[in-house]
């Protein structure tokens, strides 16, 4: 459950971080928009400041509107030379393309305006930074602090209006040229308060917060449901474990009674043989119950083994006898091959390994058609004894082979046969508890081969 909580917490953190990053990107986009607005406002303010210096007293503005007086001359008109004034710079001497690349001009009209600025400066009417600051202040909707700089051609500050020391968090406009002959620029710097961004994007931010809250609530709800289901499963598991554990008590009693009867009927060999078989079956049933208990606990408990020297050939013969009786109505053939030359003693728990072999042989009989052939091969491999159970039954797909040892997993084609999907999981757990290994090779429609190995008895 801790893993589930950790994943859920990580998911919440990721959602919050992504939404935070999204808000950050929106804020940066808003700052770029503000910079564009500041650029437009600065250009308009410079134009208005120029007009204020250039207007004639004889031609005052009307109703706050700027006017330009002009006169059209025809080619045949005679223009008095005294009315022609030489400009400070000739347009024909300017490299307009180079000025565009430097960002000083954007079009030919800008060159005319800058030449006009130079002419005003020659007339003793230079740019008034204080007046420009007042115009900027009037054009701004929010009266916030700012700085306006007059820069030389190297972009070094000549003069400042407003805040002298600009914080690094402020944004700056582009540099707008105000002269050509003596190249100079003006620049505006001002803050973009988060409060403005919040007010501008209130609905977007509200939706982001709402999305995060909904995601957190949904994840929290699913965690609560998972916790309740886990508690329910835990209670069921405890109940099942208790029932299975309680089943062992009467079986132990049966085994004890049978042991007592064996002592009492020593002289009756037939009855003694029957009692011995019943005792063996009761012990095997006890082993089955122990295996089911292990499966119910998910293999989390360490298995307690009663290790001793065990003949795998004898166990195989016992399993064969049991299966022949159990499946006497189904035509089949079980063949045991011993390639150990009598050296088939393993160091193992007799009941658990007998259960393993019975499970593998029974699966070979269950998941096959009538007339199935089952071969059990016992051989020595280095310091281990290897047992292979091969059949010519239905077979298993490669995908199912990877999952078949998982608890409660059942092959889709085999679901018409009654089962619970715990047998092979217990087999794997028991074999690995003996420090052995188990593997499967199978081909659909041709049969399967389950092979497990155990340490050889020294």
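Cβ atoms here come from the backbone N, Cα and C positions, even for glycine.
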Which residue range, 177-201, 202-226, 227-251, 252-276, is the one TrEMBL calls transmembrane segment? 202-226
Which sequence positions outside the transmembrane segment (202-226), separated from its termini by at least 6 residues, show Cβ-Cβ distances below 8 Å to it? 1, 4-5, 8, 11-12, 15-16, 19, 22-23, 26
Segment confidence, the domain 'Histidine kinase' (242-458), expressed as mean pLDDT: 86
